[in-house]
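Participant: Quick one: this structure, given as structure tokens, is what I'll be asking you about.
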Amino acid sequence: MTLFSFPNYVNWNKFDFIVLGAGISGIVLSHVLAQHGKSVLLLEKRNQLGGNCYDKLDETTGLLFHQYGPHIFHTDNQKVMDFIQPFFELNNYQHRVGLQLDNNLDLTLPFDFSQMRKLLDTKTASSLINFFQQHFPAEKHLTLMQLQTINFAPVQQLYQFLKIKVYGPYSVKMWGMPLEQIDPSVLGRVKISLSENSSYFPTATIQGLPKGGYTKAFTKMVDHPLIDLRLNCPANLISVNNNQLLFANQPITKPVVYCGLIDQLFGYCFGRLQYRSLHFEWKRYAVKQHQAYPVMNWPLHPTITRQVEYKQLTQEGLESNQTIVSCETPGAFREGDPRFMEPYYPLNDVSNNALFARYLKLANAIPNIHLLGRLALYQYIDMDRAIAQSLAKAEQLLQ
């Protein structure tokens, strides 16, 4: 691993592939290419690898935490499971999310029959559960959008609670716009469980976090003689001029896999794609455990969306009398803004998707560039899907 700047000390022309971005997508792709005998120059603008999955030990408490917010691995994809097996020894963590509301109820997400019994009086809860069992016997889940269409008073009572107290205010903060302006599909993806199964990832075959952390696992992936990893690389190493890909201002015909911001690649010629970002306030407490659940959602707080206690996720340092917690506040991504300087969630509304399509058309006109990852594809991508896409891209490039 080399920390000096590129390109002063490297002959990029000797590599079979150049990969820009050492997040989960770029790392997985580079590893697979190297395993098939291809040399890879892997470039990263940050001074660490792992993208937003990066984790490290806190200097004050000595506890492992995720610098860019919590990442819980989960998948039912066998190819993905086979790939991670040599690198991820998952702990036994099962994801749990608590709700901090304006009452003392101990509620968790996703909503299931047990949560309905806590929230509603006995008669209403029993009527609601019986209704679901009679009318949806084969369904495991219903979406919030489906609940909205059911003309039954207890269902509407549940729907209104979830919309007004839980998912509505959370979404307003998350996306920075009034509820009526948020794409209905956002709330439509929210599901309740029609059983006692409160699993946050009910379809996952495996879930958890890698013992020792993601950074340790990713470092192992890139520890290959055919991978040359360079950190602290300027983001503008790759540029485009008249449909010609330039690398360090020199024309290049080698295959380049680009995992960065697609609008930045083209100099923001059509304007900037919008993202939501997050600001983290870090707190340390001299206690073994600070909160009841690893993640506490705060839908009714004016600014904060959630609070995360990392030792409950990592299952490391549980006996320590110290703990580290992050409070997340969402905001609009603005380059150079110290609070919201990282692009996290693409704002996939009609106008931004149309803008992305224009940039994608430009990229498709360049034969030797390949887009990969959430920033290049302007998509929110779970970790297992990012790995699956990288495996598929590697297979395509090796043909």
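Heads up, the Cβ atoms here are built off N, Cα and C, so glycines get one too.
Quick caveat, the model's predicted, so the values are computed rather than measured.
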Participant: Suppose a student reads Swiss-Prot and sees Glu44, Lys45, Asn52, His71, Ile72, Arg374, Ile381, Asp382, Met383, Asp384, Arg385, Ala386 listed for FAD. Which of Ser25, Ser351 should they find annotated at that same site?
Facilitator: Ser25
Participant: What does Swiss-Prot list, out of Arg306, Arg339, as binding the same UDP-alpha-D-galactose as Ser171, Trp175, Tyr200, Asn297, Tyr345, Tyr380?
Facilitator: Arg306
Participant: Around Tyr345 (UDP-alpha-D-galactose binding site), which of the listed binding-site residues (Lys45, Arg374, Asp382, Asp384, Ala386) come within 10 Å, judging by Cα atoms?
Facilitator: Arg374
Participant: Just to confirm: which same-chain residues, 6+ apart in sequence, have a Cβ under 8 Å from the Cβ of Ser171 (UDP-alpha-D-galactose binding site)?
Facilitator: Leu179, Ile182, Val186, Leu187
Participant: Once the DSSP letters are reduced so that anything not helix or strand counts as coil, what is Tyr200 (UDP-alpha-D-galactose binding site)?
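Facilitator: For Tyr200 (UDP-alpha-D-galactose binding site) - judged by DSSP and reduced to three states - the answer is coil.
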Participant: Can you tell me whether DSSP puts Asp384 (FAD binding site) in helix, strand or coil?
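Facilitator: Assignment for Asp384 (FAD binding site) reads helix.
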Participant: Taking only the binding-site residues Trp175, Tyr200, Asn297, Arg306, which one has a CA atom nearest to the CA atom of Asp382 (FAD binding site)?
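Facilitator: Given the candidates Trp175, Tyr200, Asn297, Arg306, the nearest one is Tyr200.
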Participant: Sequence gap of 6 or more, C-beta under 8 Å: which same-chain residues meet both conditions with respect to Arg374 (FAD binding site)?
Facilitator: Ser25, Pro346, Tyr380, Ile381, Ala386
